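S.K.: Just lifted these from Swiss-Prot, have a look:
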type     : residues : note
TRANSMEM : 11-31    : transmembrane segment
TRANSMEM : 81-101   : transmembrane segment
TRANSMEM : 114-134  : transmembrane segment
TRANSMEM : 154-174  : transmembrane segment
TRANSMEM : 186-206  : transmembrane segment
TRANSMEM : 237-257  : transmembrane segment
TRANSMEM : 265-285  : transmembrane segment
TRANSMEM : 304-324  : transmembrane segment
Amino acid sequence: MSWLTPEVIDVIIAVVKALVILFVVVGCGAFMSFGERRLLGLFQNRYGPNRVGWGGSLQLVADMIKMFFKEDWIPPFTDRVIFTLAPMIAFTSLLLAMAIVPVTSTWMGADLNIGLLFFLMMAGLAVYAVLFAGWSSNNKYSLLGAMRASAQTLSYEVFLGLSLMGVVAQAGSFNMVDIVNSQAHLWNVIPQFLGFLTFCIAGVAVCHRHPFDQPEAEQELADGYHIEYAGMKFGLFFVGEYVGIVTVSALIVTLFFGGWQGPWLPPVIWFALKTAFFMMMFILIRAALPRPRYDQVMSFGWKVCLPLTLLNLLATAAVILYTAQ
């Protein structure tokens, strides 16, 4: 066929990759939302959702149908364009970051030489969804949530990036495949344990998950920045949160736990098992930890996490210089 040129084939492959990433990541996030509700019920000694389907297995479908048929109402006092744009950014920002995560040595959306920088850019973009939602809603609780999000992001984005610089220094590259290959003999979690801890903390904060969910604290801000959202717009915020958890969990596996590497089992299975473990850790953190005060969250970021990150970076630089001599 004359129209099937190499350029057209490249476009078709890119579209197929994008659709696969979309359906797989959103499907994992949807499964996690159901698993979270069941596990929280187990942790809190209650049943959890168990009415729709066998063992509550169709509860997610029922929730999606309910959300789909709810009125897509936009308050008259909002900025309609920004109000509509905010949930789209929340859904797509960390979903795009998943494109740079290699599932195996050949399965990935995009093999970028600046892959890690692309993730940091998308993580910084995600906060604009919260800012747009809080500002455009013209609601004092939404605006307070947006202000909290901007200040919290300013604090935690600093050591989110610095916690990864030790990994980059050891691998000598921002490319995700190169970082995984550099862990063939020793996973980065051992020499970069402080970087691993601070990246996990910053990852929870980037996803606005408990205990760093101050921008949407129900007891203080009545659900915060998405108080005026309903229907599918609220659904995009909801799904975007779980997409962020999947992306951060996959990045933890790639950067610190050898990615797809492991004995006996196929690489895809190893990657899926490791990622699922850290997704479950997000749920356990929500069940086990209380929500601290907002000033305590900010102090913890600047006074504890940032010094630990700088200490890890200095130690990594010293080791690299010593071994190079």
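The backbone N, Cα and C atoms fix where each Cβ goes, glycine too.
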S.K.: Would you say the transmembrane segment (304-324) and the transmembrane segment (237-257) are in contact under the rule of three or more C-beta pairs closer than 8 Å, pairs 6 or more apart in sequence?
M.R.: no
S.K.: The transmembrane segment (154-174): which same-chain residues, six or more beyond its ends, come within Cβ distance under 8 Å?
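M.R.: That would be 113-117, 120, 123-124, 182, 188, 191-192, 194-196, 198-199, 201-203, 205-206, 212, 255-256, 298, 301-302, 305-306, 308-310, 312-313, 316-317, 320.
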S.K.: Quickly jot the same-chain residues contacting the transmembrane segment (265-285) by Cβ under 8 Å, restricted to those at least six beyond its ends, or write none.
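M.R.: Contacts of the transmembrane segment (265-285) (Cβ under 8 Å, skipping residues fewer than 6 from its ends): 28, 32, 35-36, 39-40, 43, 103-105, 107, 204, 207, 209-211, 245-246, 248-250, 252-253, 257, 259.
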